[in-house]
Amino acid sequence: MEEAASQSLEEDFEGQATHTGPKGVINDWRKFKLESEDGDSIPPSKKEILRQMSSPQSRDDKDSKERMSRKMSIQEYELIHQDKEDEGCLRKYRRQCMQDMHQKLSFGPRYGFVYELETGEQFLETIEKEQKVTTIVVNIYEDGVRGCDALNSSLECLAAEYPMVKFCKIRASNTGAGDRFSSDVLPTLLVYKGGELISNFISVAEQFAEDFFAADVESFLNEYGLLPEREIHDLGQTNTEDEDIE
């Protein structure tokens, strides 16, 4: 009997939350609460109430719908306002919603490291053939030039933090236009999107202190709006993180 009821509940709530309106969000919350509760920790009567509240009803059943609405008002209030019990469930629900939203926004290719471009042809191919939604950051450098090694190290760190951005580096002598990139303009940082150059910074190391790090480069790029929102690696493991969500 319990197995059949469980199967019925699963059929009622099959699929992911897709409601976007206020009523849809409330139904998603009720659904999440019911699914996240242990079967033995919630009375059958309350489980049935939650199931009925989260299940869509036919438009033709107006009388039944109105009766259910009146009947649910007090019972629903009790369920949703069980402070300590519902607080944890609500946090889980919010984290799940953020995770779902994050996954939907995190479409497209992912990289996670700095690509070494060996030739000018490879450089052009990277710019022209990459997806239009992808931001490409290229460091033109030479060994032994001040700031080049520090910038490459910083980009390695940023590539891990922003895997949706393609970070690349190429020696000036390998670009096929080495005469245009003398040591006094290096390192040069070029930013492309959709095959177009959207920002370029020559002698970019001059923007930083003598010793600079990934955080400095990150702040600099963010000033120009060149980086997307940072990746969320772990959604709410601590109470502090949960409170930040609220």
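Glycine is treated like the rest: Cβ placed from N, Cα and C.
Feature annotation from Swiss-Prot assigns region 'Disordered' to 1-70. Swiss-Prot lists 1-14 with the feature compositional bias 'Acidic residues'. The domain 'Phosducin' feature in Swiss-Prot is assigned to 1-246; the stated evidence is sequence analysis. According to Swiss-Prot, the feature compositional bias 'Basic and acidic residues' maps to 58-69. The phosphoserine feature in Swiss-Prot is assigned to Ser73. Annotation comment: Swiss-Prot describes 111-246 as region 'Thioredoxin fold'.
Across the region 'Thioredoxin fold' (111-246), the prediction's mean pLDDT works out to 89.
Each residue in the region 'Thioredoxin fold' (111-246) gets a DSSP state, and the totals come to 54 helix, 28 strand, 54 coil.
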